[in-house]
Amino acid sequence: MKKEKIVIKNTLGMFDLIKGVMLLMMLLGHSTVFNGMYSNLNVVTYLIIGIITVLGEAAMPALFVISGYGLRKTTFTKCVKKQFKILIVPYLITVVVTSIVAFVSMAIEYGDIIRVVKETASLFLGSLFGITPGTGYLGFYFTACGPVWFLVALFFGNIISNQLLRYFEGQKLLVAAFVVSLVGWGLTFVRPLPGALSQSFIAPLYICFGYYAKKHKLFVSQDNVAKRNISIVLVIAVILAHKAMAGEFYMAHNVYTYGPFSIVVNGLAALLFIYWFLHLNTLNGVISSNIRKIGRYSLYLLCIHSILYMAIGTRIQQVFASSWQGSLWLGFAIVLTTRLVVDLFITFIFVRIKNSLTK
């Protein structure tokens, strides 16, 4: 029997599956609270963890690439207004809600109003200015803004990318975006700056990857199969080489072990994972359908997770990790399961209420 060829079509929800997976990778990463979890493991377990690590590191670049796939060239003013409405407004709402929840929870936990005010101010100002990771200025510590740094970086990244589109196309666009990313990498050598500035200059490279992928139909074209397969093998080889050299990529904390090489490698990894997950869109089971639902609600989940994680989650995790006496993997499973249940439950309830109010 002839095997049916999988055809990938440009549709509104084509990226829902991978967006859902990448958001789950973020939740998983933020639930790893125990040191020593990776000692005395067998080869198969190490291999699985290695694959998950590469997938997790490519999560944020992949979300930037997906954003670039839908980028449309427009005027500077229109671009700023649009990006402010869809990104900065939910970001600011998240900042305010996070600060309120943090203040109330710390007031209950500490009872020391001076300490509560100082820590809330640190969190509010760090979040308001979009600082990540946390840093000190003039004797005052600004707490990191949390996972929603992505919205700030996407805001500035889209604006920069829109300007690049006014002057460059094709491979010249990618070169220009790479040069801009070098500025972002250079900013990692100074203390974290407001507006997630380093990440904001690196993001255009991934956004332009997405724009280029759409213009050249990299994800949907069925032509040049041999060339495509060779490219996939080469990308996999580069990814493996980067990990073999102990390369790390942690965008939120400005960690790029091999500088521009690490930045480009994870952009290529993002493209590869997106391509593979698009081929999994034929799956329509319960699990894949619910992951797609998570992908559709990705903005809401990101904001709600950030509120819970920054306002109360990190403190609860620290207390749990310091008092837990059982298996580290069991403790990790408890943290992850709790986070998944709470974050997803609140997200789905929020969406249901929002939809009922807008009908």
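Just so it is clear, glycine is given a Cβ too, placed from its N, Cα and C backbone atoms.
Listed features, source TrEMBL:
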- 15-338: domain 'Acyltransferase 3' (DOMAIN)
- 12-31: transmembrane segment (TRANSMEM)
- 43-66: transmembrane segment (TRANSMEM)
- 86-108: transmembrane segment (TRANSMEM)
- 138-161: transmembrane segment (TRANSMEM)
- 173-190: transmembrane segment (TRANSMEM)
- 196-213: transmembrane segment (TRANSMEM)
- 225-246: transmembrane segment (TRANSMEM)
- 258-278: transmembrane segment (TRANSMEM)
- 299-316: transmembrane segment (TRANSMEM)
- 328-351: transmembrane segment (TRANSMEM)
Please give the sequence-distant neighbours of the transmembrane segment (258-278): residues at least 6 beyond its ends with Cβ less than 8 Å from one of its Cβ atoms.
8, 14-15, 17-18, 21, 54-55, 57-58, 61-62, 64-66, 178, 181-182, 185, 202, 205-206, 209, 213, 218-219, 232, 235-236, 238-239, 242, 245, 247-249
Are the transmembrane segment (196-213) and the transmembrane segment (12-31) close, by which I mean at least 3 Cβ pairs under 8 Å that are 6+ residues apart in sequence?
no
Any residues 6+ beyond the ends of the transmembrane segment (43-66) with a Cβ under 8 Å from its own?
15, 18-19, 21-23, 25-26, 28-29, 150, 153-154, 157, 203, 206-207, 209-210, 213, 239, 243, 248-252, 266-267, 269-271, 273-274, 298
